[in-house]
Amino acid sequence: MEEVNQSVVSEFIILGLCSSWELQAFLLVIFSPLYLITILGNIFIVLLIIADLHLHSPMYFLLANLSFIDFCLSSVTTPKMITDFLKENKTISFEGCMCQIFFGHFFGGGEMVLLVSMAYDRYVAICKPLHYSSIMNRQMCIGLVMTSLITGLVHSVSQLAMIIKLPFCGPKELDSFFCDIPLVIKLACIDTSILEMWINADSGVLATTCFILLLISYSYILFTICLHSKDGASKALSTCTAHITVVVLFFGPCIFIYLWPLSITWVDKFLAVFYAVITPLLNPAIYTLRNKEIKNAIKRL
């Protein structure tokens, strides 16, 4: 006899950020321009780096890829969240839910590794300046970006493989504005406590490893900067400060969502909004406002 798929749930009901129509209308007015600014800002940085020959360096090559990933990451969940503000019945198909999980972890995992790559670039530039051009060559830059994408792909496939065959037979309400594993797995019709441990371990190993590597890299960089004169290190310190700010903004919500869950609904929603909507918006703003070369490139337009 042909095996029947146990997943009888064809769609999930999304409760969204709130139930008040007035508040939803307010959030629609807020998040719509924010998403537009995020998309335009990240695309602008990518095109600016491509067009300006002064920005054809490893650091800006990695920055362009970070902006591209932020553009993709924000587009995984934000458009549906915005359109759901206009709907009374907010639903997402089972396939759509799995796609959100896959691409969310793909781009999220890829960004973690890419941030480590950017830290390595700054480490080489500051701690080994005489060897920078030979170490951070074209092949190395492409290899770092490919490593980040492949790591994100392996991470997302492993996460999806652990939940896609789970039996979902009700309930089917997600108290959030998008699908993510910690919420979806609770709707399965079987005991998933062991599976949750494996999933948290998978996400935890990637996030913790990247975060530790970042802490080591920037600690070593800052120690090296302190050994130099203030005038010679000011530019490097400014660049590293921007990178560290991005790292804190990206990893902070991730730690509380996946590694240290609080089980407080409004806190989880706030962190999810910050991770999926606000961080991709702040990244181009941080790099644009704090980077003199980007400012000069804009003036040359």
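Using N, Cα and C of the backbone, Cβ positions are placed for all residues, glycine too.
The transmembrane segment annotation in TrEMBL covers 25-50 (among others).
Under the heading domain 'G-protein coupled receptors family 1 profile', TrEMBL lists 41-287.
Within its own chain, the transmembrane segment (62-82) has Cβ neighbours under 8 Å at 16-17, 28, 31-32, 35, 38-39, 41-43, 45-46, 49-50, 92, 100, 103-104, 107-108, 110-111, 114-115, 117-118, 121, 141, 144-145, 148, 177-178, 276-277, 279-281, 283-284, 287, counting only residues six or more beyond its boundaries. TrEMBL lists 62-82 (among others) with the feature transmembrane segment.
Sequence-distant contacts of the transmembrane segment (102-120) (same chain, six or more residues past either end, CB-CB distance under 8 Å): 59, 62-63, 65-66, 69-70, 72-73, 76-77, 144-145, 147-149, 151-153, 155-157, 159-160, 178, 180-181, 203, 206-207, 210, 213-214, 217-218, 221, 243, 246-247, 250-251, 254, 276. The transmembrane segment annotation in TrEMBL covers 102-120 (among others).
Positions annotated as transmembrane segment by TrEMBL: 141-164 (among others).
Within the same chain, residues 109, 112-113, 115-116, 119-120, 122-123, 126-127, 151, 155, 236-237, 240, 243-244, 247, 251, 254-255, 258-259 sit at least 6 positions outside the transmembrane segment (205-228) and bring their C-beta atoms closer than 8 Å to a C-beta of that stretch. For 205-228 (among others), the entry in TrEMBL reads transmembrane segment.
According to TrEMBL, the transmembrane segment annotation covers 240-260 (among others). Same-chain neighbours of the transmembrane segment (240-260): 108, 111-112, 115, 118-119, 122, 126, 180, 182, 200, 203-204, 207-208, 210-211, 214, 218, 221-222, 225, 267-268, 271-272, 274-275, 278-279, 282-283, 286-287, 290-291, counting only residues six or more beyond its ends whose CB sits under 8 Å from a CB of the stretch.
Residues or ranges marked as transmembrane segment by TrEMBL: 272-290 (among others).
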For the transmembrane segment (141-164), give me same-chain residues lying six or more residues beyond its boundaries with a C-beta closer than 8 angstroms to one of its C-beta atoms, as numbers and ranges. 58, 61-62, 65, 98, 101-114, 117, 120-121, 181, 184-185, 188, 195, 198-199, 202-203, 206
